[in-house]
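Colleague: Here's the feature list from TrEMBL:
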type	residues	note
TRANSMEM	15-34	transmembrane segment
TRANSMEM	46-67	transmembrane segment
TRANSMEM	74-95	transmembrane segment
DOMAIN	110-289	domain 'Inositolphosphotransferase Aur1/Ipt1'
TRANSMEM	137-159	transmembrane segment
TRANSMEM	166-187	transmembrane segment
TRANSMEM	227-246	transmembrane segment
TRANSMEM	253-272	transmembrane segment
TRANSMEM	278-295	transmembrane segment
Amino acid sequence: MKLPNFTAFKHPDRACSIITSLLIAILSSLAFYVNSHYYHYIGNNYFPPFALWAGISLCLILIGLRLQFSLNDYFIEITYAFAGLYFSMLFIALATNAAQYSPFPPIDKYIVALESKFYIDLPALMAWTNQYPNFKLILGLAYDSLAWQMGFLPLLVALLGQFSKVWEYFCLLLISAMIGFTFYYFFPTTAPASILKSPFFLPEQYITGIKFTQIHHHQQPTSLEGGMIALPSFHFIWAWLCLYVVRGFKPLFILILIINFFLALSCILLGWHYPLDLVGSIIVLLITHFIYNYLKEKNDSVSH
């Protein structure tokens, strides 16, 4: 299979984002087709309720700026960055909607069995964490910071004029989503709270497994809360990408490094993920960066 030649595009990173988005759309369409013709599961809709109006507003703003300014104007690039963030989140929501219809059984029991061979006791780690309320609070705040990081950091980098870094971020984000959601579709997980016993699990952690069970019993899920994918941990993957996009801005990089260090710990110590999930996340990140760097080197060699 011949890889696309990004030199046909003025902005290779944008081309990467667009092509990856199209691949996500194709894979999602296949998952929707399989479900509608064979399994007939009923799932959640993860598209934000304001998605349509936000898209229309962005298009109108972009049209207005293009009429007012030249194509290379700073303000147009900022609007492109907003549009890139919007469409990246839109295609991730599409992949989420599609992946929830995985017809395969969850692999959590195999993960727990493997971790037990290495004497990993997640409930014991959670119990230890609960002994230190302030530490647990810091972990919770760090875990909840990811959505803010994903929305704020790329736009801040764009405002600072580093547009190539922003589009690199979008491309890496979408490649990691395509890999991770595809893996989940064939090897779904329902997270630790669905199989382990601990009094320290939160209600929303139980909801992850409940949603999976409801969908696969042809019931409408009763909640949008909780996560969906344990392996790989997208919290870990996207926390790394948020750190990666601010490299070169030393004070901000150090701040995000500290926050995301605690975020990575929180994935395990708060019981959101199995330790093995983080190993899987590192593998996904390595593959993601390899694909991106391979395409970038191929593009550079052709352009020179």
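The backbone N, Cα and C atoms fix where each Cβ goes, glycine too.
Map these features onto the structure and tell me what's around them.
Modeller: Counting same-chain residues at least six beyond the ends of the transmembrane segment (166-187), those with a Cβ under 8 angstroms from any Cβ of the stretch are 11, 13-14, 16-17, 20-21, 23-24, 27, 31, 81, 84-85, 88, 91-92, 95-96, 98-99, 102, 104, 107, 154-155, 157-158, 228-229, 231-232, 234, 237-238, 241, 244-245, 280, 284-285, 287-289, 291-292.
Residues 96, 99-100, 107-108, 111, 143, 146, 149-150, 153-154, 156-157, 165-166, 168-169, 172-173, 176-177, 180-181, 183-184, 187-192, 205, 208, 211-212, 252-253, 256-257, 260, 263-264, 267, 272-274, 276-278, 280-285, 288 of the same chain sit 6 or more residues outside the transmembrane segment (227-246) yet have a Cβ under 8 Å from a Cβ within it.
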Colleague: Would you call the transmembrane segment (46-67) and the transmembrane segment (15-34) in contact, using three or more Cβ pairs under 8 Å, pairs 6 or more apart in sequence?
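Modeller: Between the transmembrane segment (46-67) and the transmembrane segment (15-34), contact is absent.
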